[in-house]
Amino acid sequence: MVGPRTRGYAIHKLGFCSVVMLGINSIIGAGIFLTPGEVIGLAGPFAPMAYVLAGIFAGVVAIVFATAARYVRTNGASYAYTTAAFGRRIGIYVGVTHAITASIAWGVLASFFVSTLLRVAFPDKAWADAEQLFSVKTLTFLGFIGVLLAINLFGNRAIKWANGTSTVGKAFALSAFIVGGLWIITTQHVNNYATAWSAYSATPYSLLGVAEIGKGTFSSMALATIVALYAFTGFESIANAAEEMDAPDRNLPRAIPIAIFSVGAIYLLTLTVAMLLGSNKIAASGDTVKLAAAIGNATFRTIIVVGALISMFGINVAASFGAPRLWTALADSGVLPTRLSRKNQYDVPMVSFAITASLALAFPLALRFDNLHLTGLAVIARFVQFIIVPIALIALARSQAVEHAAVRRNAFTDKVLPLVAIVVSVGLAVSYDYRCIFLVRGGPNYFSIALIVITFIVVPAMAYLHYYRIIRRVGDRPSTR
């Protein structure tokens with residue numbers, strides 16, 4: 001679709017098929033390579049069901065985000081929707097926590113990449129897995145941040161290259177795993193699916209990790225679904241560039257479910273092949289790329305790991321470019337100080353990059369590079385958006401504002417699905433064991449506690465103070481809308 005012309009050039013909008021492909025590419029990332037071990041350990045032979053439940057939940061929330069795009073066509077997704085529904089007072093908190101969540105997500109991805117790289121390069125060295133503050137892993141992490149900064153200096157062409165590299169890497173690795181795995185299963189009559197029982201142990205269910213209620217399959221599935229949901233993260237960012245899409249109010253609600261269904265089918269096929277090859281091997285593996293543990297052939301296993309590594313590298317480059325821009329967008333809108341949006345001669349917002357990189361490094365250090373806890377944190381941090389955006393959609397659907405008058409209401413997508421998203425989000429959020437974030441070896445993790453307080457309380461509070469100080473300075477009163 002060709003849009004309006006700017007300076008003599010036609011602006012090409014993303015059509016329906018392009019939005020579907022964007023959705024698939026946004027969702028399929030490192031998650032499917034990293035999460036199967038933990039999910040099998042938590043759910044045993046029911047691991048595929050955990051991915052199905054995670055996919056259904058992701059689909060519901062994705063439709064909620066897409067439906068909200070019918071009312072708000074500007075870029076920004078959760079920040080734009082919340083601001084339109086409740087005004088700046090709520091929008092500021094969502095915008096700031098969204099930027100923080102993106103920084104955490106980048107840190108988790110960078111941690112996975114560094115851990116995998118060190119294990120591939122130095123497989124028999126104990127120092128490659130050291131978790132101390134001053135360790136080879138920390139130094140490699142800092143070096144990797146430096147490499148990403150250098151790549152950012154090359155601008156958009158480097159980002160396009162990174163996206164292409166990531167797509168090729170993950171497509172090659174998944175295709176090789178599925179095709180090669182099916183060939184082994186059919187020619188050698190391999191079926192180790194039942195070994196998932198040996199890896200399974202029922203997990204106690206406790207509210208917020210404090211009040212234990214019971215122990216059984218339900219509690220295990222709840223935690224397994226949270227971990228599996230990491231493999232679907234990315235769907236919430238599809239609507240970020242709504243202005244670049246052709247008829248987003250019509251295409252997004254149709255494209256996102258198709259993308260989620262396609263990704264879910266790929267994940268189920270991948271997981272089934274992996275569990276047939278060796279469920280117990282995946283669950284017992286100490287490697288970052290758990291999926292490769294099911295493969296007995298060393299060469300084949302290396303191909304999968306390298307493909308996953310290439311995919312993670314590309315995703316990290318894209319995250320290092322996108323996450324700082326969330327801070328600059330808030331600065332451009334007056335929510336944060338303008339110096340956060342200042343760019344150097346290479347068009348890189350250095351202050352925002354430094355803030356993002358600091359948060360990206362801080363959380364993996366606080367959680368001692370623990371992959372399971374980092375995965376949980378990356379998912380739980382997103383629940384602020386998963387709860388507030390559905391509430392915002394309900395408010396937008398009830399709005400009688402002129403700009404929303406032309407939008408056709410649909411009781412199912414405007415009310416039922418948002419309520420389902422809220423209930424499930426709250427249920428999953430209270431099911432998570434937060435002790436893994438706030439405690440370490442039985443004692444308080446003061447580093448992690450301080451980070452949570454600073455990022456989710458202090459920083460938003462400072463944003464509010466800055467915004468209202470600016471409002472008073474220009475002699476205007478902030479609108480509650």
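Each Cβ is built from the backbone N, Cα and C atoms, and glycine gets one as well.
The transmembrane segment annotation in Swiss-Prot covers 14-34 (among others) and rests on sequence analysis.
Tertiary proximity for the transmembrane segment (46-66) is limited to same-chain residues at least six positions away from its ends with a CB under 8 Å from its CB atoms, namely 23, 27, 36, 39-40, 77-78, 81, 196, 217, 220-221, 224-225, 227-229, 231-232, 235-236, 238-239, 252-253, 255-257, 259-261, 263-264, 267-268, 271-272, 275, 279, 386, 389-390, 393, 413, 417-418, 420-421, 424-425, 428. Residues or ranges marked as transmembrane segment in Swiss-Prot: 46-66 (among others).
Packing against the transmembrane segment (90-110) from elsewhere in the chain are residues 29-30, 76-80, 82-83, 141, 144-145, 148, 233, 312, 315-316, 319-320, 322-323, 326-327, 329-330, 335-336, 355-356, 359-364, 374-375, 377-378, 381-382, 384-385, 388-389, 455-456, 459-460, 463-464, 467: each is 6 or more residues past its ends and has a CB under 8 Å from a CB in it. Taken from Swiss-Prot, the feature transmembrane segment applies to 90-110 (among others), supported by sequence analysis.
Among the features that Swiss-Prot reports, transmembrane segment is placed at 134-154 (among others), with the record citing sequence analysis. Within its own chain, the transmembrane segment (134-154) has Cβ neighbours under 8 Å at 110-111, 113-115, 117-118, 127-128, 162, 316-317, 320-321, 346, 348, 353, 357, 360-361, 364-365, 369, counting only residues six or more beyond its boundaries.
What Swiss-Prot records for 167-187 (among others) is transmembrane segment, and it gives sequence analysis as the kind of evidence. Long-range contacts of the transmembrane segment (167-187) within its own chain (CB-CB distance under 8 A, at least 6 residues past either end) are made by residues 25, 28-29, 32-33, 266, 269-270, 273-274, 276-277, 291-292, 294-295, 300, 303-304, 306-311, 313-314.
Taken from Swiss-Prot, the feature transmembrane segment covers 218-238 (among others). Long-range neighbours of the transmembrane segment (218-238) within the same chain, counting only residues 6 or more positions beyond its ends whose Cβ lies under 8 Å from a Cβ of the stretch, are 19, 22-23, 26-27, 29, 31-32, 34-35, 38-39, 42-44, 46-47, 49-51, 53-55, 57-58, 61-62, 65-66, 77-78, 105, 200, 202-206, 252, 255-256, 259-260, 263-264, 267, 372, 375-376, 378-380, 382, 385-386, 427-428, 431-433.
What Swiss-Prot lists as transmembrane segment is 258-278 (among others). Within its own chain, the transmembrane segment (258-278) has Cβ neighbours under 8 Å at 19-20, 22-24, 26-28, 32, 36, 40, 45, 47-48, 51-52, 55, 58-59, 62, 174, 177-178, 181-182, 184-185, 190-193, 195-196, 231-232, 235, 238, 291, 293-296, counting only residues six or more beyond its boundaries.
If you look up Swiss-Prot, you'll see 303-323 (among others) marked as transmembrane segment, on the strength of sequence analysis.
For 377-397 (among others), the entry in Swiss-Prot reads transmembrane segment, with the evidence type sequence analysis.
Annotation source Swiss-Prot lists transmembrane segment at 411-431 (among others).
Counting same-chain residues at least six beyond the ends of the transmembrane segment (446-466), those with a Cβ under 8 angstroms from any Cβ of the stretch are 92-93, 96-97, 100, 330, 335-337, 359, 362-363, 365-367, 437-438, 440. Summarising the annotation, Swiss-Prot assigns transmembrane segment to 446-466 (among others).
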- Lying 6 or more residues past either end of the transmembrane segment (14-34) yet within Cβ distance under 8 Å of it, the residues of that chain are 1, 58, 62, 109, 112-113, 163, 166-167, 170, 173-174, 230-235, 237-238, 241, 244-246, 251-252, 254-256, 258-260, 262-263, 266-267, 270-271, 288-292, 304, 308, 311-312, 315, 371, 375
- Message: Checking distant contacts: for the transmembrane segment (303-323), what same-chain residues at least six beyond its ends satisfy Cβ-Cβ under 8 A?
- Response: 29-30, 33, 99, 102-103, 105-106, 109-110, 112-113, 116-117, 120, 144-145, 148-149, 151-152, 158-159, 162-170, 172-174, 176-177, 287, 289, 291-292, 295, 353, 356-357, 360
